[in-house]
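Take a look at the structure below.
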Amino acid sequence: MTQPIIELHQVTKRYADNTILSNINLTLESGKFYTLLGPSGCGKTTILRTIAGFTDATTGDILFAGKRINDVPANKRNVNTVFQDYALFPHMTVAENVAFGLTLQKRPKSEIAERVNQALRLVQLADYGDRAISALSGGQQQRIAIARAIVMQPQVLLLDEPLSALDAKLRRQMQYELRDLQQRLGITFLFVTHDQEEALAMSDEIFVMNQGEILQSGSPVDIYDEPINHFVADFIGESNILPGKMIDDFQVAFGGHQFECADAGIPVNEPVEIVIRPEDLTLTDLAHAKLTVTINTQLFRGDYYEIAATDGLGNDWLIHSVNPAEDGDQIGLTFRPQDLHVMRFGEKEAEFDARLETYEGTEDDRFDET
């Protein structure tokens, strides 16, 4: 682990009796792309504002490179923020907007010109310095807002839902550009979004939030494949979440049947929830089925069919298949043991991580495909 650049220790934020953040612990390393992901009102922007110095923490410590900065004013912190509305000045040219912070610092004109030109080159708008803000597209304005932030040479760049105002095609393009920019700059990005696709596509690490708490942190693959609870599983991508019961290590029951799984360390007969991603289900004939479902409806999504079905116990199923099915037909489903993920009710992240460590690697031996 490299030297942390930002640390939050037991940070709480309250307004009267309303708790916005509850005992937030968070560590950001230098040179990585992090995302705070959660629904509106979960506290993710408050974390951003607390790090930036725009909002004071009620309790807890905020550290920058190991030093407490709770009392350091926003303009003295080596972080910059890109806001959702970009906050560009319409009466200034592009270059004047980018130079604004340097001008306030009374930097020499030659230095300002050099750094502005460098920042515009980094966001691929080198020839736009003399243009008016009103002449720019939404994507160009967003890049100018980023240039205005990085021209200050921050060690941390905070981005508060900067892609939310863009159309779907441009938003996807900007995901590539932001990730590429972060890697070229080599600084820490902390990105705020409610869009799961953005978080999964760009991040080195994701913090999933709800109701003022960080529920789970980890790589996009870890968060997607090993959600800690119902909220995370449902919020990150599409899921089939079913009630079940743990039979033994690597054995779980749901849907009226018992199946081999990749989870262990859970007491026998404990009620659990099982997650199966729609893309991990395969349609098959009834003779080879692990479960039988009745097709309700389907939608063609371009590269796959999204099929809604119901099993004999009334559980709803969502299946992604390259092959179509007929409405009303009974059809079989099959899946691999490692495609089942078992979730315990009320399990905290530390408990979840400790349980996984006790049997980590054993499931790979059990399900090694040779």
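Each Cβ is built from the backbone N, Cα and C atoms, and glycine gets one as well.
For 6-236, the entry in Swiss-Prot reads domain 'ABC transporter'. Annotated ATP binding site per Swiss-Prot: Gly38, Pro39, Ser40, Gly41, Cys42, Gly43, Lys44, Thr45, in sequence order, evidence recorded as sequence analysis.
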What same-chain residues, at least 6 away in sequence, bring their CB to under 8 Å of the CB of Gly38 (ATP binding site)?
Lys44, His194, Val208, Met209, Asn210, Phe235
Which of Ser40, Thr45, the listed binding-site residues, has fewest other Cβ atoms within 10 Å:
Ser40
Need the DSSP three-state call for Lys44 (ATP binding site) to compare against my parser.
helix
Would you list, in sequence order, the residues of this chain other than Gly38, Pro39, Ser40, Gly41, Cys42, Gly43, Lys44, Thr45 that have their CB within 8 A of the centroid of the site's CB atoms, where the site is the one recorded for ATP?
His194, Met209, Asn210
In three-state terms from DSSP, label Pro39 (ATP binding site) for me.
coil
Counting Cβ atoms within 10 Å across all protein chains shown, which of the binding-site residues Pro39, Cys42, Gly43, Lys44 comes out on top?
Lys44
Tell me the Cβ neighbour count for Gly41 (ATP binding site), meaning other Cβ atoms within 10 Å of its Cβ, over all protein chains shown.
13
